[in-house]
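Per Swiss-Prot, the feature active site maps to K14, D139. As annotated by Swiss-Prot, ATP binding site applies to P97, M98, G99, G100, G101, V102, G103, G104, G105, S106, S107, with the evidence given as sequence analysis.
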Amino acid sequence: MNNITSFSLIAPAKLNLFLHINGRRDDGYHELETLFTFLNYGDELSFELSDLPAIIVTGDTNGIATTDNLIYKAALLLQTQCKIKQGVKINLIKRLPMGGGVGGGSSDAASTLLALNKLWKTALSLDELAHLGLQLGADVPVFIHGKSAIAHGIGEQLEQVMLEQKWYCVVFPNQHVSTAKIFTHPELKRDTPKISGDWQQHILTNDCESLVKKLCPEVEKTLQWLLKYAPSKMTGTGSCCFVEFATQVQAQDVLANLPHTWQGFIASSVNTSPAHTELAAIFD
């Protein structure tokens, strides 16, 4: 199977089942604790090996300049780090909203690093890829390692956990929230004590939520609407909100009644990232 020159790979969504901010470091980064779960839904990336050194990114790039695109940055980083002479053509089918808090850009970057590590035969370990990925964003390492986990520190210290499978209806209220704006805002809660004891009692708490609701009333409106069905929560710094169910039918019922001004999808949680599952099926 070592002669594979093209394949496609999912870049899955993530949800933060809780997000606590414990403090702000001198370098501006925040100490946090958050529980990540992956979903079996996401962007789709197609990779085609090229003998020319160029990295070409096509598809749903939303007008982002190539040099600012995290997919391009990830490919260039690995190519430069490992002195690769080959190039690649990458096509993106975008399903995850930008500025939604479901990890779209970070997931795209991680899946690119994982895929090209195979395609270019660079043979880096997951730890080495995660170290590279951290240069692209604090959430990239969790997508590289690809396991449900509690993240500590600035998000780079991962404690693997096993979560029961759940179904989610995730709603994007067509509002883009800037992560940088939230984390630099003076009103952000930054003093939550670190978890001691059972982390499961902290499920569905998010220190960013009250501030985002204040700055983006549509998020509060979304959370209130979802409350008709189940306890609702915001993921990351928003703007996506979600509700959790035991069955697909329950999640589908929410999606079927979604106001036409919003977008949404349903998906089940998985303890191993679909990107890892698909790569194993292709290369192992």
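Using N, Cα and C of the backbone, Cβ positions are placed for all residues, glycine too.
Small disclaimer: the values here were computed from a predicted structure and weren't measured.
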Which residues of the same chain, at least 6 positions away in sequence, have a Cβ lying under 8 Å from the Cβ of D139 (active site)?
K14, G103, S106, G155
What number of additional C-beta atoms lies within 10 angstroms of the C-beta atom of K14 (active site)?
26
Among P97, G99, G101, the binding-site residues in question, whose Cβ has the most other Cβ atoms within 10 Å in this structure?
G101
Determine, for the ATP site, the additional residues of the same chain whose CB lies within 8 Å of the mean position of the CB atoms of P97, M98, G99, G100, G101, V102, G103, G104, G105, S106, S107; present them in sequence order.
A13, L96, G236, C240
Cβ neighbour count within 10 Å of G103 (ATP binding site)
30
Three-class DSSP secondary structure - S107 (ATP binding site):
helix
